[in-house]
Amino acid sequence: MVSRVLALISVAMLVGARPYVQNVGDVDLNDVDATVGTGVVDTGMSGDLLAGLLANGLLADLLSEDADGHIPEVTGSSTEEATSSSTWSGASSKPTDSAPTQCNSGTLQCCESTTEAKDIDRVLLSTLLGVDVGSITGLIGKNCSPVSVVGVGAGSTCSTQTVCCDGDSFDGLINLGCKSGNVAV
């Protein structure tokens, strides 16, 4: 459970999401020894994967300072060095005037931002999600929620990025297989 949650958090950070996480299962990310000024978070990930995430800055947002300015140490299940030098280069997409209002396929989603699938480290994303992402094309949405086009009120409008997603969804944190132009006419 903890590994799955940390993997989802890491993937969210891979696409630029900033999830607020205080406690993941039995791992309190803010558990800091006040006398020594250090804490240890054992993710249970392999050293290679963990080092790769750290080298790419993908866990930086999880390691926030406590009131005394201390940052917990993060450890994996080994101390191997990462050999991957890939970085995340996707930028947030800006809303457009041609946002879809209905989808030919998939579901209409309101996403905080999107990134081109071709711009991500597929090996890392596949490892973190536990699915084959080799054939994913189009956009990857982050922090998405369904949009209802019928009626008014909450959920009927989107002030950020509206897309149609027909791929896997990981609790709305990450949506695969999204398109911005998949509109029914």
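Every residue, even glycine, has its Cβ placed from backbone N, Cα and C.
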Let me make sure I read this right: Swiss-Prot says Cys144 forms a disulphide bond with another cysteine. Which one, out of Cys110, Cys111, Cys165? Cys111
In Swiss-Prot, Cys110 is listed as disulfide-bonded to which of the following: Cys158, Cys164? Cys158
What subset of the disulfide-bonded residues Cys110, Cys158, Cys164 lies within 10 angstroms of Cys178 (disulfide bond), using C-alpha positions? Cys164
What number of additional C-beta atoms lies within 10 angstroms of the C-beta atom of Cys103 (disulfide bond)? 20
Return only the integer: C-alpha distance in Å from Cys103 (disulfide bond) to Cys144 (disulfide bond). 15
